[in-house]
Amino acid sequence: MSQPELKKSKVDISKTITVLPGDHVGEEVCNEAIKVLQAIEDATPYRNIKFNLQKHLIGGAAIDATGTPLPDESLEAAKNSDAVLLGAVGGPKWGTGSVRPEQGLLKIRKELNLYANLRPCNFASDSLLELSPLKSEIVKGTDFTVVRELVGGIYFGERQEQAESEDKQTAWDTEKYSTEEVTRITRMAAFMALQHNPPLPIWSLDKANVLASSRLWRTTVDKVMSEEFPQLTIQHQLIDSAAMILVQSPTKLNGIIITSNMFGDIISDEASVIPGSLGLLPSASLASLPDTNSAFGLYEPCHGSAPDLTENKVNPVATILSVAMMLRLSLDCVPEAEALEKAVGQVLDSGIRTGDLRGSSSTKEVGDAIAEAVKKVLNQSV
């Protein structure tokens, strides 16, 4: 990773971040992310940066306090911020009733038009290769990003449950996509591919041999790529075949993976196992192309709320790397993002790790170490 290029001229930057800790470990990981943001405020040597942090409720915590998983106050705060940092939502306490924590997450995605979910899959440090459930020689060099369409498809389609009797019930969900939705997510994937030199290849995953929605998906992707991005490489892969490749030889899918809401949900969770822990993987959900490094976005770890995990045991790295994505894509703080990613790698290499990475450090100890490391990286680069 290249060293951040920092200039010495003073520039003032003020950014507002809505923090939605959510449930269980969400509060802990958000606290460590805030710690790192404050360290960057203190350390950035060539400009004054101020992160205005505002905490609000979402998920089960919001249900307990207000009866709704996404209070209007939380939504309005998110709409008026530069970016949103989310911890995790859900847990068995709230069950699967008519009001559920996950409804808050679905609603905020829809209300903020967060149509593109980006989930990188790589190794923050080669020292983590041995932790993968796959052989090191198979996973070494894995580096792809899943670009998942987030506000369409079967999760937002019409659904129905009918019961003629206790023994005879029927239920269905509807998968629906428009050319506009597929065009928009294809452009996001192409933009991400073009941020690299040479540009990254793009893999489009669907089930076009069976589903009408996938056939529309494939023809639309082809049209957009041929007309707008002829310089990029696009390959189509059936989702079941891609799931197999991901286990057999994940580096074959290196580049940008574009897929629908449900397929993206499944394939990105499968991919999250490759680095050895969900506690390592960040994500970003964007409302527009980050072409000026100022796209509005929501950032969260790929892991859930982990209600069974005792205090100070959760790995904060995924949330901290989500902050790095936020700095790069939404807050126009690219040098700070690079410094933070470098700091995370240094800390992991030093052996300061939580239990999921066969370490003995606590959540706070990892957060403290990364905060100190990013200060040193920033100050050394002047």
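Don't overthink the numbers, they just go from 1 along the chain as shown.
Keep in mind that glycine also has a Cβ here, set from the backbone N, Cα and C atoms.
Taken verbatim from Swiss-Prot:
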- 91-102, 304-315: NAD(+) binding site (BINDING)
- ARG109, ARG119, ARG148, ASP240: substrate binding site (BINDING)
- TYR155: site 'Important for catalysis' (SITE)
- LYS207: site 'Important for catalysis' (SITE)
- ASP240, ASP265, ASP269: Mg(2+) binding site (BINDING)
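Shown here: features listed in Swiss-Prot, placed on the structure.
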residue: GLY91; record: NAD(+) binding site; DSSP (3 states): coil
residue: GLY97; record: NAD(+) binding site; DSSP (3 states): coil
residue: ARG148; record: substrate binding site; DSSP (3 states): strand
residue: LYS207; record: site 'Important for catalysis'; DSSP (3 states): coil
residue: ASP240; record: substrate binding site; DSSP (3 states): helix
residue: ASP265; record: Mg(2+) binding site; DSSP (3 states): helix
residue: GLY304; record: NAD(+) binding site; DSSP (3 states): coil
residue: THR310; record: NAD(+) binding site; DSSP (3 states): coil
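Comparing the Cα of GLY91 (NAD(+) binding site) with the Cα of every entry in ARG119, ASP240, ASP265, these being the binding-site residues, the smallest distance points to ASP265. Other Cβ atoms within 10 Å of the Cβ of GLY97 (NAD(+) binding site), summed over all protein chains shown, number 7. Listed in sequence order, CYS302 are the same-chain residues six or more apart from ASP269 (Mg(2+) binding site) with CB atoms under 8 A from its CB.
The sparsest Cβ neighbourhood within 10 Å, among the listed recorded positions (ARG100, ARG109, ARG148, LYS207, LYS313), is found at LYS313. Closest to ARG109 (substrate binding site) in space, going by CA atoms and restricting to the binding-site residues GLY97, THR310, LYS313, is GLY97. For ARG119 (substrate binding site), the count of additional Cβ atoms within 10 Å of its Cβ stands at 24 [all protein chains shown].
Among ARG109, ARG119, ARG148, ASP240, the residues given in the record as binding substrate, the maximal Cα to Cα distance rounds to 27 Å.
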